[in-house]
Amino acid sequence: MLLLLLLLLLLPPLVLRVAASRCLHDETQKSVSLLRPPFSQLPSKSRSSSLTLPSSRDPQPLRIQSCYLGDHISDGAWDPEGEGMRGGSRALAAVREATQRIQAVLAVQGPLLLSRDPAQYCHAVWGDPDSPNYHRCSLLNPGYKGESCLGAKIPDTHLRGYALWPEQGPPQLVQPDGPGVQNTDFLLYVRVAHTSKCHQETVSLCCPGWSTAAQSQLTAALTSWAQRRGFVMLPRLCLKLLGSSNLPTLASQSIRITGPSVIAYAACCQLDSEDRPLAGTIVYCAQHLTSPSLSHSDIVMATLHELLHALGFSGQLFKKWRDCPSGFSVRENCSTRQLVTRQDEWGQLLLTTPAVSLSLAKHLGVSGASLGVPLEEEEGLLSSHWEARLLQGSLMTATFDGAQRTRLDPITLAAFKDSGWYQVNHSAAEELLWGQGSGPEFGLVTTCGTGSSDFFCTGSGLGCHYLHLDKGSCSSDPMLEGCRMYKPLANGSECWKKENGFPAGVDNPHGEIYHPQSRCFFANLTSQLLPGDKPRHPSLTPHLKEAELMGRCYLHQCTGRGAYKVQVEGSPWVPCLPGKVIQIPGYYGLLFCPRGRLCQTNEDINAVTSPPVSLSTPDPLFQLSLELAGPPGHSLGKEQQEGLAEAVLEALASKGGTGRCYFHGPSITTSLVFTVHMWKSPGCQGPSVATLHKALTLTLQKKPLEVYHGGANFTTQPSKLLVTSDHNPSMTHLRLSMGLCLMLLILVGVMGTTAYQKRATLPVRPSASYHSPELHSTRVPVRGIREV
């Protein structure tokens, strides 16, 4: 037990939070009995009308009616007061927005009245085949309490009636037909509850050399630890023994823990006579609706995912899809599709319908049609999700990673066209960037680690998620089956969130900017060289390796489709050529411009900031030089010089009582002359650079700077204490103008005096030559810094 406690104490610093939610649709749908309109249990005069067939080639938008009943008939009764009421309103708002999006995409026609389940209300039926009421209800179930759909009680007003039949003759009506729900094609029941599925997640550990009992004990302890903190463990966690010690160490740099695990789940409950879904229920996990970590957009996208399951994107419903060769408006020609899914020679389950296969081929840039779209490997032969390796970012993959990174993609909409129940407005599709134009080999386990596609990565470094909205870590998960990609982190690494920026006064040597129009770029920019670093230039780095760069957040601005420019803190806008590396004025290092990732959609291009975003007005620029004196005969190598420069910089920042955001590009010569450029970075809190410059001058004149480095003491020389260069452009221009005016006045005066002397005296000797005073400009070039 001590071992477990030690492990749990070591665990928190290594946690890498990943904001992801998984879908439980397959196991949920299996628990629900699908009802179709049965042979009527009522006389013909009392029967409800069946679904009206479309009479037009222009079907109307799908009419979805949501019904929030607030019942408590299932496990996990939920208190609707206080936080619960707020969670319920969030759920209903998400349902309204999600159904509005669907209504603009899918279209059918017809009224709606739901069926009752004879197995629920009827205890026995007539079994004599010769009886006129054969298989009709002969004995009612005394415990019948009505119909429900995934725990939501269906009102009698939404249901057909039922009757008790004698062996011969007319029935005794028990419950007449309800009025039904007018102008509705699909009924969605909404529940908010605490259920067992909301907490359903398991941990499996791989601990080589450990007994099964020890692994089970550790699993239970880790699960308990995670759940007490509101997290749920992902299914796989590997530990290994370190030498002969009994204390396990982590096999990788992090343990992935997610929270929340399940936002919502849904199922279809009833079908019409052509197997089209008529009703379903979505259950929201109450504890997550009040979580600040989930935005309204997140809940809407999670709702949309579950709603599409209930409308037919389900392994349980694929076999019921219809083939309508004459088009949607002639339903009498429709039949059940003979082949919707199949397994290939490697056992991969594929959805093989025509529109889906063509849509995938178009997405990958393959001519003709693909052999089908891979479905996620799940328990059994049924799967209700796209394979994550191939369609990462699609709304219908098995894990949800936030609204910002999820798309209602063309391939998913093509699936609904193939269902035969709906017509699809393809203009509502959102572009899926993952794998676009990558060819038929993309997304295979055998190719994802070969470096053939930059959508995947190798190793475990930090970089950028493929949408470039977030920084990410190169990692895998069970859905990727060994393939690795830059997965977003949840520790304030979203570049588009301004609140993730650096606090006031904190040094920002890489010049990062967090802003709604910021994106993640692979870069190694720095405003100051650390000991051992060397400035890199494109000419010296013809093949820039991914390992040399990290994900950094910088401002971007679209200038056209696929064209953009970038801005680093304190720099001007710089054109970013896709597929190239660029340098940024004022910074050492390089920035890589991704190709085919940014400014690809009309939405991106329309988001151009006009006028360009201005973060702050640049402060004046100064150059500060100090001549140091060291021990007699003491010499420094190159690395020692760089170390001393860094030590002097730290001492200066300490002396000025400010952060390093005022000091840039420190250097030192072999003759021990230290030089640093002074300018105030945007976001840097404190006095103006001119005030700091003056204060440092006065302070160092009173008390020389002392630095201890490499076993030796260095001090500034009193006689050569400070040499400054003012780089304020306006002041420089003013001084130049005044100097020129003074020179002209002197020249005019000299010429006038000479002329007067010539006229007043005889030219007995040449006039004395006049040497005008030389004007020394105070402008000193600042390498790597643009003068403004």
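Using the three backbone atoms N, Cα and C, a Cβ is placed for every residue, glycine included.
Sequence annotations record features per position, and here Swiss-Prot assigns active site to Glu306 based on sequence analysis. DSSP assigns Glu306 (active site) to a helical segment in the three-state reduction. Neighbour density for Glu306 (active site): within 10 A of its CB lie 28 other CB atoms from the protein chains shown.
The Zn(2+) binding site annotation in Swiss-Prot covers His305, His309, His385. Sequence-distant contacts (6 or more apart, same chain, Cβ under 8 Å) of His309 (Zn(2+) binding site) comprise Cys23, His25, Gln29, Ala266, Ala267, Cys268, Ser384.
For 40-56, the entry in Swiss-Prot reads compositional bias 'Low complexity'.
As annotated by Swiss-Prot, N-linked glycosylation site applies to Asn333 (among others), with the evidence given as sequence analysis. Counting Cβ atoms from all protein chains shown, Asn333 (N-linked glycosylation site) has 12 others lying within 10 Å of its own Cβ.
Using a 10 Å Cβ-Cβ cutoff, Asn425 (N-linked glycosylation site) registers 14 neighbours. Annotation note: Asn425 (N-linked glycosylation site) sits in a coil segment as assigned by DSSP. Taken from Swiss-Prot, the feature N-linked glycosylation site covers Asn425 (among others).
Under the heading N-linked glycosylation site, Swiss-Prot lists Asn491 (among others). Secondary structure at Asn491 (N-linked glycosylation site), taken from DSSP and collapsed to helix, strand or coil, is coil.
Here the Cβ of Asn524 (N-linked glycosylation site) has 20 other Cβ atoms within 10 Å, regardless of which shown protein chain they belong to. For Asn524 (among others), the entry in Swiss-Prot reads N-linked glycosylation site.
Under the heading N-linked glycosylation site, Swiss-Prot lists Asn713 (among others). Around Asn713 (N-linked glycosylation site), the C-beta neighbours below 8 angstroms that are at least 6 residues distant in the chain are Gly630, Pro631, Glu706, Val707.
Annotation comment: Swiss-Prot describes 40-59 (among others) as region 'Disordered'.
Taken from Swiss-Prot, the feature region 'Disordered' applies to 767-788 (among others).
Annotation comment: Swiss-Prot describes 1-20 as signal peptide, evidence class sequence analysis.
Taken from Swiss-Prot, the feature topological domain 'Extracellular' covers 21-735, and the record attributes it to a curator's inference.
For 736-756, the entry in Swiss-Prot reads transmembrane segment, with the evidence type sequence analysis.
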Completion exercise
Of the binding-site residues listed (His305, His385), the greatest number of other CB atoms within 10 A surrounds the CB of His305
Completion exercise
By Cα geometry, the one of the recorded positions (Glu306, Asn333, Asn491, Asn524) nearest His385 (Zn(2+) binding site) is Glu306
Problem - Inter-residue Cα distance where the pair is Glu306 (active site) and Asn425 (N-linked glycosylation site), in Å - result: 20
Exercise for the section: Compute the average pLDDT of the predicted model within the topological domain 'Extracellular' (21-735). Expected result: 78
Problem - Any further residue of that chain within 8 Å (Cβ to the Cβ centroid of His305, His309, His385) of the recorded Zn(2+) site - result: Cys23, His25, Glu306, Leu308, Phe313, Ser314, Ser384, Leu395, Met396, Thr397, Ala398
